[in-house]
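Take a look at the structure below.
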């Protein structure tokens, strides 16, 4: 009989880490624990970025305020992605695999819908509302296609990173702020380390098992979370430049620039004076 889609180890994908070696109920122990890194990253971003941005605007007694969902929805999507990834690696179930991969797809869709710069819209798209509909239709089609070959989804989702890197490069060409360039460089370094770990775990599993170190996918979870921690403030920074040109966004670090581990965020300085 066909195994239940909720059953343990019914997924098409099984990562390099040995199963049930450290717990009788957790299939991949270290992958499960490290998947929580993305949840912590989402929580740190939601804690600091919106509060700082809104505080700056209230301090200056400004009437305009960006919609809260432009900060909250991507953060909530990232939080759900971390939860579903934890469930997948704990059970290695078919449903867990789909939830893990589709939650990443939906997180990217929400981020694109809210933050994709208008200047890069296709010519047929005239407004943000139209782009919302395009993103929704594309996401629904991609979701349905994901059921055909779930194991292929991870490769397709990773390829989207190249488009994000291309957009970042385009934006950096217009920006002379050294702080922005430095944050982008740190983001790319974390991403290179992350994707290297993902590929190593997928393609060199025999080598890592031979030396009893099959934990590179858990490294991927932590490293990609670090990359996103720098990526999201950059996206917000560029979004403010396009959507609120009267403000001067500034990249900051919490709790301090001098700390070895920091949470980057965006503040809005006083608006430009109008003639």
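Backbone N, Cα and C define each Cβ position, glycine as well.
Annotations in TrEMBL come from automatic prediction, not curation.
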Which listed span TrEMBL calls transmembrane segment, if the choices are 102-119, 246-263: 102-119
TrEMBL annotation of transmembrane segment - which of the ranges 65-86, 219-240 it falls on: 219-240
Other residues, Cβ within 8 Å of 89, 217, 221 Cβ centroid (Zn(2+) site): 15, 17, 28, 30, 31, 32, 34, 35, 85, 218, 220
Ranked first among 102-119, 131-148, 154-169, 181-199 for CB pairs under 8 angstroms with the transmembrane segment (219-240): 181-199
When counting Cβ pairs under 8 Å to the transmembrane segment (131-148), the leader among 102-119, 154-169, 181-199: 102-119
